[in-house]
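A short worksheet on the structure shown next.
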Amino acid sequence: MLRTLILLVIALGIVSEIVKAETRCEQHRTLGKNSKGREKLVPNCDENGDYMPMQCYQGSKLCSCYGESGHPITPPSTKLKSCKCLVQRYKALKSGLIGVFVPQCETDGTFSKRQCIGSVGVCFCVNPMTGNLKSEARREVNC
């Protein structure tokens, strides 16, 4: 009985360590916190342990957009306001699918107000921050 209890405690300890394993983002965050230097990247991770889309360098006004796996998809910039459009664009281009919608983005990472689907010949207006539709798709649209 005592032997079974001891084995159970050991097994629970092993399982809890497996569950607590840090993601790549969390490991990168720990390394960043411990690194020395004025301008350093200490990544922000989401609740799943993936990289948040926008990462900014501490001690600097530079930010970059990152993919979920932790690779930068834009060079550092002081002009970034959002990464939503740039991340969607990156994923669409990376997919390699023919006909997939590839959003048009501004240099600050926001959505261009006028989005077009060239293969169908229609355009529509969107909210620059969210990319949500503000008009119906038409051949001619003035945003």
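A Cβ is built for glycine as well, from the same backbone N, Cα and C atoms used for every other residue.
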- Which cysteine out of Cys105, Cys116 is the one TrEMBL pairs with Cys123 in a disulfide? Cys116
- Message: If you follow TrEMBL, the disulfide involving Cys56 connects it to which of the following: Cys63, Cys65?
- Response: Cys63
- Message: Let me check the 10 A CB neighbour count of Cys65 (disulfide bond). How many other CB atoms are there?
- Response: 26
- Note on the structure: Checking the disulfide-bonded residues Cys56, Cys116, Cys123 against Cys65 (disulfide bond) with a 10 Å Cα-Cα cut-off, in sequence order, leaves Cys56
